[in-house]
Amino acid sequence: MSETDFLQYEIQFASIVLIWYDWVLMLPMEVKYIWGSRIRVYTIVYILCHYALLANVLFLFAISQMLKPRLNSLPMRLPNGVTDGFAICSCDVWYKVVGGLSVLGRTAIIYSFTARAYAVWGRRRVVLAYLAGIGIICIGLDIAHVPGLRCTGPSSIPIANDLLSILTVVFEFSSAILISVRCVQTFKYRTFCASEPIKGFWDLTFQQGILYFSFMSVFTTTSVILNFQRAPAGFYQRLLNALTLPLSGLLTSRFILHLRKCEDNLSTLERLAVETVNSVAMNRDNAGLLSSIVEPQFGWDPVMVDAVIRTEMEMEMNTGDIENTAT
């Protein structure tokens with residue numbers, strides 16, 4: 001086994017250990033907040049983010065030649081030298097299958113980030129149009145580059161792979177910046193006001209956004225740089241593939257679980273404010289196709305929700321003052 005093959009196996013095993021460790025660690029929350037509730041859009045997104053990562057296991061089997069058919073089961077005897085070629089062909093097929101599963105995982109991640117930014121920016125269509133436009137292009141390039149995947153050597157469709165890596169970085173940076181900017185605006189709004197309603201959600205959103213931005217940007221940016229290294233035989237281009245998409249999926253699925261936990265811990269007043277803001281936003285969109293595709297399940301507008309809560313609290317205080325004056 002060459003040094004590059006050994007390194008590839010080591011990274012692949014590390015990604016699998018990370019996947020299963022995270023699954024065991026988050027299983028109680030998954031059972032409670034995913035399988036214990038009715039199926040919604042975020043349920044499907046969570047499944048695709050978390051369980052599409054099993055593609056890493058299939059890829060390990062493929063490069064280990066554990067998924068190739070038995071040659072001695074063929075009706076005719078193959079000449080010498082065909083066995084290796086057949087094994088490579090089988091590995092290429094399985095690598096395309098793995099690529100197809102990765103497309104599902106990447107689609108769920110892109111949808112999650114787009115829906116999150118769309119929600120926290122008060123369902124502004126310009127945010128949705130910008131991120132959805134880049135995301136759709138990324139998904140299209142991801143689908144287009146699957147037929148060119150090979151076990152050895154670079155992709156036979158290098159332009160799709162290169163554009164995908166670049167646009168993925170652009171999408172992730174844009175989404176993280178939009179979410180972080182909105183969170184900073186919320187923190188400034190809190191500083192101006194005396195109370196701090198729904199602190200948990202925005203601490204969670206800001207924490208997850210910064211964590212993803214600072215952690216994943218290292219991998220995605222490095223992957224772009226490695227994609228333009230042409231030797232040896234495409235190995236450098238795929239050096240971090242075993243970690244980049246799994247880490248993105250893990251962080252996204254973790255955010256969904258913590259968001260469900262945060263929603264479950266909302267007080268009655270906070271829950272009413274969130275429902276009011278989401279209802280107003282959906283009525284503004286006329287409950288059309290846009291509202292059906294991007295449902296308010298990935299957050300809410302901080303400023304509007306805080307304003308509704310503060311208005312309700314002021315009304316209750318004024319009502320109490322009037323009653324005290326009357327008595």
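Any Cβ shown, glycine's included, is placed from N, Cα and C.
Looking just at the domain 'DUF6533' (12-54), the mean pLDDT is 83. According to TrEMBL, the domain 'DUF6533' annotation covers 12-54.
Look at TrEMBL and you will find 6-27 (among others) tagged as transmembrane segment.
Under the heading transmembrane segment, TrEMBL lists 39-63 (among others).
Under the heading transmembrane segment, TrEMBL lists 93-114 (among others).
When Cβ-Cβ distances below 8 Å are used as the criterion, the transmembrane segment (126-143) is approached by residues 102-103, 106-107, 110-111, 113-114, 117-118, 160, 163-164, 167-168, 170-171, 174-175, 178, 290, 294 of the same chain, each at least six residues removed from its ends. Residues or ranges marked as transmembrane segment in TrEMBL: 126-143 (among others).
Residues or ranges marked as transmembrane segment by TrEMBL: 163-181 (among others). Remote same-chain residues near the transmembrane segment (163-181) are listed as 110, 113-114, 116-117, 120-121, 127, 130-131, 134-135, 137-138, 141-142, 145, 205-206, 209-210, 212-213, 216-217, 220-221, 223-224, 227 (criterion: CB distance under 8 Å, separation of at least six residues from the stretch ends).
Under the heading transmembrane segment, TrEMBL lists 209-229 (among others).
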Within the domain 'DUF6533' (12-54), count helix residues (DSSP H, G, I), strand residues (E, B) and coil residues, in that order. 38 helix, 0 strand, 5 coil
